[in-house]
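What Swiss-Prot records for this protein:
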type	residues	note
REGION	1-31	region 'Disordered'
COMPBIAS	8-25	compositional bias 'Basic and acidic residues'
DOMAIN	25-77	domain 'bHLH'
DOMAIN	96-129	domain 'Orange'
REGION	146-209	region 'Disordered'
COMPBIAS	158-171	compositional bias 'Low complexity'
COMPBIAS	181-190	compositional bias 'Acidic residues'
MOTIF	221-224	motif 'WRPW motif'
Amino acid sequence: MAPSQAPSRDRAGQEDEDRWEARGDRKARKPLVEKKRRARINESLQELRLLLAGTEVQAKLENAEVLELTVRRVQGALRGRAREREQLQAEASERFAAGYIQCMHEVHTFVSTCQAIDATVSAELLNHLLESMPLREGSSFQDLLGDSLAGLPGGSGRSSWPPGGSPESPLSSPPGPGDDLCSDLEEIPEAELNRVPAEGPDLVSTSLGSLTAARRAQSVWRPW
């Protein structure tokens, strides 16, 4: 029995010795690792000082102050990017809406002048286009159209509404022979016009006259 137990004791002793050596190596390496870590931190702080030099950093600043300035600069940059992204999205939405309105105006002109199209079909088509109008949350057709006109060269925004009333109010007099062809939609029977929302063809025909002229000077995104 004694010979068989001797190798097991030797193995156990060797394992204990290896563990102590590994623990000793870790203790010996710990100061070196800590020194390298601090060197990396100081090097990064010095790079931050150089990046911030000439703006807010004075001759000498504590490390905490350098970090605070860096955080403020990064936050400002992120806020600026967010504002730019929101502005680009708003401009893209306005261009899309302006193109949609322009297309709806052209459809309105066509169905108003084409004698082969039934008045009921024309009213249903325009009603569908108005219901499908891309609107921002909380906005209305008047707001969208006013923003589109205001963004155009020479556009007058809400000043393009018919005088003497709100955009929903009907025209004060029937269109004459020399008026815009888009106003021919008013010849549709009143029973059919009632199917169109209050923000209906009257608003399209009266408010988009200036949009048609201004669109020649500015390209519009077309939804087709």
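A Cβ is built for glycine as well, from the same backbone N, Cα and C atoms used for every other residue.
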Composition by DSSP (helix, strand, coil) of residues within the domain 'Orange' (96-129):
29 helix, 0 strand, 5 coil
Under the DSSP assignment, what numbers of helix, strand and coil residues are found in the domain 'bHLH' (25-77)?
43 helix, 2 strand, 8 coil
Averaging the per-residue pLDDT over the motif 'WRPW motif' (221-224), what integer do you get?
50
